[in-house]
Amino acid sequence: MRALWIVAVLLVAVEGHLLQFNKMIKFETRKNAIPFYAFYGCYCGWGGRGRPKDATDRCCFVHDCCYGKLANCNTKWDIYPYSLKSGYITCGKGSWCEEQICECDRVAAECLRRSLSTYKYGYMFYPDSRCKGPSEQC
C-alpha cells in the first residue's frame, strides 16, 4: 500500500517538493530515490513503524522526525529554494517553513551518502508487514 501511495504522489507532484528531495538524494548518493530509497526498510518512503533496519533506514527515521517537528508546515508539498554547487547542497532564503523543510531534506540526503557503504539491497523493497514492534522515540 505504501508503495502505491508513493508512486501516485510522485506522479502528481512532478514539479513539487518530492522532486527537489529526489534531486538532493541523487546529488549526494548518485542513486535515484525510486527505486533505491522510496521503499527501503521500515522508514524510507511514506510513513514508518518499528525499528530502523540499518543506517540508511535510520536516516529516513531521523528525516521523519525532522518533519514531525514541522507540524504547521506543508512538508510534502512546499517548494523551497536551494542550490547544488561545488559538492554542497545549500538551502536558500524562503519562508520559515521552506527553510526548515529544506534543511530536513539536506541533512537526510547527506546522511544517505554517509550510509552508502552499508546499503543493503535486501531492504530495497522491504514489506511493511515485516516492520514490527514499537517505534523509537524521536
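Cβ atoms are placed via backbone N, Cα and C, with glycine included.
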Can you pick which of D54, D64 Swiss-Prot lists for the same Ca(2+) site as Y43, G45, G47?
-> D64
From the list C44, C65, C66, C73, which cysteine is recorded by Swiss-Prot as disulfide-linked to C60?
-> C44
Going by Swiss-Prot, the cysteine from C65, C66, C73, C138 that pairs with C104 in a disulfide is C66
If you have Swiss-Prot open, could you say which of C97, C102, C111 makes the disulfide with C59?
-> C111
Disulfide-wise, see what Swiss-Prot says C102 is paired with, picking from C73, C91.
-> C91
Swiss-Prot annotation, disulfide partner of C73 among C42, C97 | C97
What recorded positions among Y43, C65, C66, C73, C97, C102 are found with a C-alpha within 10 angstroms of that of C131 (disulfide bond)?
-> Y43
For C138 (disulfide bond), the spatially nearest of the recorded positions G45, D64, D105, using Cα atoms, is D64
When you tally the Cβ atoms that lie within 10 Å of each candidate's Cβ, which of the disulfide-bonded residues (C59, C138) has the highest tally?
-> C59
Counting other Cβ atoms within 10 Å, pick out the least crowded of the recorded positions D64, D105.
-> D64
What residues, ordered by sequence, lie under 8 A Cβ-to-Cβ from C42 (disulfide bond) and sit at least six positions away in the same chain?
-> G48, R49, G50, R51, P52, K53, D57, F61, Y126, D128, R130, C131
